[in-house]
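One structure is given below, encoded as structure tokens.
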Amino acid sequence: SLLEFGKMILEETGKLAIPSYSSYGCYCGWGGKGTPKDATDRCCFVHDCCYGNLPDCNPKSDRYKYKRVNGAIVCEKGTSCENRICECDKAAAICFRQNLNTYSKKYMLYPDFLCKGELKC
């Protein structure tokens, strides 16, 4: 769920999911269109695509469990949906950490109307 994802993001990046990633660029937050603005926004695009591959799951509300083993995120065994949601969130949180050096405050609260076009997963 968004609760676990937010916790993962904080652990990986040291940033609060809200406001740091809740409306960043064209893809971080609800919906998305256009070309990702930077590597962080691309992480969100890939995360949206990952969720899009889970049509029978509820990624924003389905809870899952994970732990840390030697600093690494390990998704704990749950239902098929829980496992796949956790893996999507894990990949995004790691992607955010790997791209912290290019995170730009100018893309926080980025206006939707500047995001044009369609990008296929």
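From the backbone N, Cα and C atoms, a Cβ is placed for every residue, glycine too.
Keep in mind the model is a prediction, meaning the values are calculated, not measured.
For C26-C115 (among others), the entry in Swiss-Prot reads disulfide bond. Under 8 Å, Cβ to Cβ, and six or more positions away along its own chain, C26 (disulfide bond) finds G32, K33, G34, T35, P36, K37, D41, F45, Y110, D112, L114, C115. In the three-state DSSP scheme, C26 (disulfide bond) is classed as coil.
For G29 (Ca(2+) binding site), the Cβ neighbour count at a 10 Å cut-off comes to 18, with all displayed protein chains included. Feature annotation from Swiss-Prot assigns Ca(2+) binding site to Y27, G29, G31, D48; the stated evidence is experimental evidence.
Look at Swiss-Prot and you will find C28-C44 (among others) tagged as disulfide bond. For C28 (disulfide bond), the count of additional Cβ atoms within 10 Å of its Cβ stands at 26 [all protein chains shown].
Annotation source Swiss-Prot lists disulfide bond at C43-C95 (among others). DSSP assigns C43 (disulfide bond) to a helix. Within 10 Å of the C-beta atom of C43 (disulfide bond) sit 25 other C-beta atoms, taking all shown protein chains into account.
Proximity of H47 (active site) to non-local residues of its own chain (separation of 6 or more, Cβ distance below 8 Å) is seen for Y27, C88, D89, A91, A92, C95, given in sequence order. Per Swiss-Prot, the feature active site maps to H47 (among others); the stated evidence is similarity to another entry.
If you draw a 10 Å sphere around the CB of C121 (disulfide bond), it holds 9 other CB atoms from the protein chains shown. Mapped onto three states, the DSSP output places C121 (disulfide bond) in coil. Feature annotation from Swiss-Prot assigns disulfide bond to C49-C121 (among others); the stated evidence is experimental evidence.
Reduced to three states, the DSSP call for C88 (disulfide bond) is helix. Look at Swiss-Prot and you will find C50-C88 (among others) tagged as disulfide bond, backed by experimental evidence.
Taken from Swiss-Prot, the feature disulfide bond applies to C57-C81 (among others). The Cβ of C57 (disulfide bond) lies under 8 Å from the Cβ of C81, R84, I85, each of which sits 6+ residues away along the same chain.
In the three-state DSSP reading, C75 (disulfide bond) counts as strand. Counted within 10 Å of its Cβ, the other Cβ atoms near C75 (disulfide bond) come to 19, all protein chains included. Residues or ranges marked as disulfide bond by Swiss-Prot: C75-C86 (among others).
Per Swiss-Prot, the feature active site maps to D89 (among others).
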> Residues with Cβ closer than 8 Å to the Cβ of G31 (Ca(2+) binding site), same chain and 6+ apart in sequence?
Replying inline: D112
> Restricting the comparison to the recorded positions G29, C43, C86, which residue's C-alpha is spatially nearest the C-alpha of C121 (disulfide bond)?
Replying inline: C43
>> I need the least crowded one of these recorded positions (D48, D89), counting other C-beta atoms within 10 angstroms of each C-beta.
In response: D48
> What does DSSP call C57 (disulfide bond) in the simple three-state scheme?
Replying inline: coil
> Which site among C49, C88, C95, C115 has the most other CB atoms no more than 10 Å from its CB, taking these as disulfide-bonded residues?
Replying inline: C88
